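Visitor: I have a structure I would like to understand better, so I am pasting it below and will then ask my questions one at a time.
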Amino acid sequence: MGSVLGLCSVASWIPCLCGSAPCLLCRCCPSGNNSTVTRLIYALFLLVGVCVACVMLIPGMEEQLNKIPGFCENEKGVVPCNILVGYKAVYRLCFGLAMFYLLLSLLMIKVKSSSDPRAAVHNGFWFFKFATAVAIIIGAFFIPEGTFTTVWFYVGMAGAFCFILIQLVLLIDFAHSWNESWVEKMEEGNSRCWYAALLSATALNYLLSLVAIILFFVYYTHPASCSENKAFISVNMLLCIGASVMSILPKIQESQPRSGLLQSSVITIYTMYLTWSAMTNEPETNCNPSLLSIIGFNTTRPVPKDGQSVQWWHPQGIIGLVLFLLCVFYSSIRTSNNSQVNKLTLTSDESTLIEDGNGRSDGSLDDGEGVHRAVDNERDGVTYSYSFFHFMLFLASLYIMMTLTNWYRYEPSREMKSQWTAVWVKISSSWIGIVLYVWTLVAPLVLTNRDFD
C-alpha cells in the first residue's frame, strides 16, 4: 500500500517536469512571480554544475575519471596525469554548461511575452532541458583533445572577462539600491541610527580596502623587484581615490543625488579584490607568495622535479565563487528600477508588471496546493530579456571554468602554468570597471538631453 501511495506521489510530479517553473517550487515555497522562480531554477541548475565541477577536482574523483579510456592517454608531462584529468574534466563540464545556455540564448532572441511559444520552453519542459544539458556535458567528454583545451582556455578567458564586467554592473546596481534604501529609512524616521549604519558600512569598506593595500605592498612587492605589482597597486589606489572624490563633488551630487561614498566604497573594495586576484596569477613566485606562506604555515604538498607546483584550492578562487553565487542569485531576484542598469542588462521595469499581475484573478495564477501560487506577470511583456539572461549564464559558466582552474593554461610542455595574459585580463577589467562607474556619475552632465532617472 505504501509503495502504491509513493508511486502516486511521484506520478503527481510528472506533469511538473514538463510544465512551468512554479509547479516545481511552489509546493515548498511561498507565492511568487513566474519570472523570478524561473530564473532561480536556472541559477540552481548552474549551482549544481559548479558543485559537480568542484567534486571533479577532488583527487579521489580524478583517479576514477582517469579510468575513462583514452581520456588521459599519453600524458607523461611533469604535472601528474591525475591532476590534468581534473582540470580537463572541469573544462569539458563547463563547455557543456556553456553550450547549453548559449543554445537557449539563441533560441530566446526577441521573445516579447509569455504568450510566445518559445516562452513555454524557457519556463517549462524542465526534464527535457536538463536531459539535454546532461547529454551535451557527456558528449563534451568525448571531444578529441587536440587543441581543445588551448582554444577553450582563450574562449573562457574572454567570457570570464565579460562576466567580471557584468558582476561590476550588478554590484553598482546593488550599491545604489542599498544606499537608496537606507537613505529612505533615514528620512522616514530614526535618522541617527540609519545615518550611523550608512557611515559604518562605508567606513568598513574603505578600512578593508586600506588594509588590503598595505598587505599588498608588504607581501606582493619587494624593494628591488615586482615593479608590475607596485604599478598595479598604486594605479588602482589612485583611481579609486579619484572615483570616490568625484562621487561627492557638488556638480555630481546635483545631477546624481543617489551617488555617494557608499557606492564608491563598494567599487573600491571590489577593485582591490581584482588587483589581488591578478597578482596571484603572476608566473614569478617571488612576487606571488601563497596564502599559506604568508600566514606562516609550511606546506607539505608534493612538488615536481622542476619546481612547478599545483595547488588544489586558492583563496582568491573561493572569494570569486562566493561573488559569482551572489551575482547570479541577485540577478535572478533583482527588481531594481535603476533605468541605467536595466538598459545595460536589457531588463524592463518590473514593478508595473508585478502590480498588473497581482491584479488579475482569471487565468493569471498557476494554481498550486493551498495558497502556494505563482503569478504569470509576463503576459503583457517580459520583465527581463530571456536571451540576455541565458547569455549571462553562458559567460558565468566560462567564469566558473577559469576560477576553478585558477586561470591556469595547459602548456605544450604538459605543465599547468599561470599566464601574464590572465593577469592583464583581470587588471584591465578593474580599470574598465572604474571607468564604467565614473561614467554613471558624469553621464548626466555630459549628455544633458537624455533622461538618466
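Even glycines carry a Cβ here, placed using N, Cα and C.
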Visitor: Name the residue among SER255, SER364 that Swiss-Prot annotates as phosphoserine.
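Guide: Per Swiss-Prot, phosphoserine applies to SER364.
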Visitor: Confirm whether, per Swiss-Prot, THR421 lies on the same side of the membrane as THR147.
Guide: yes
Visitor: Please find, within the list 8-28, 260-280, the residue stretch that Swiss-Prot describes as transmembrane segment.
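Guide: The range carrying the transmembrane segment annotation in Swiss-Prot is 260-280.
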Visitor: Might you confirm whether the transmembrane segment (427-447) is in contact with the transmembrane segment (152-172), defined here as three or more C-beta pairs under 8 A between residues 6 or more apart in sequence?
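Guide: Output yes: the transmembrane segment (152-172) sits against the transmembrane segment (427-447).
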Visitor: Along the topological domain 'Lumenal' (219-231), what average pLDDT does this model show?
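Guide: That region's mean pLDDT is 83.
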Visitor: What are the helix, strand and coil residue counts for the topological domain 'Cytoplasmic' (173-197) according to DSSP?
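Guide: The composition, in the requested order, is 23 helix, 0 strand, 2 coil.
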Visitor: What stretch of 40-60, 124-144, 198-218, 232-252 shows the most Cβ pairs under 8 Å to the transmembrane segment (260-280)?
Guide: 198-218
Visitor: Can you find at least 3 Cβ pairs under 8 Å between the transmembrane segment (388-408) and the transmembrane segment (198-218), where each pair is 6 or more residues apart in sequence?
Guide: no
Visitor: Give me the stretch from 40-60, 198-218, 232-252, 427-447 with the greatest number of Cβ pairs under 8 Å to the transmembrane segment (124-144).
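Guide: Per the Cβ under 8 Å count, 40-60.
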Visitor: According to DSSP, how is the topological domain 'Cytoplasmic' (253-259) divided among helix, strand and coil residues?
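Guide: DSSP classes over the topological domain 'Cytoplasmic' (253-259) add up to 3 helix, 0 strand, 4 coil.
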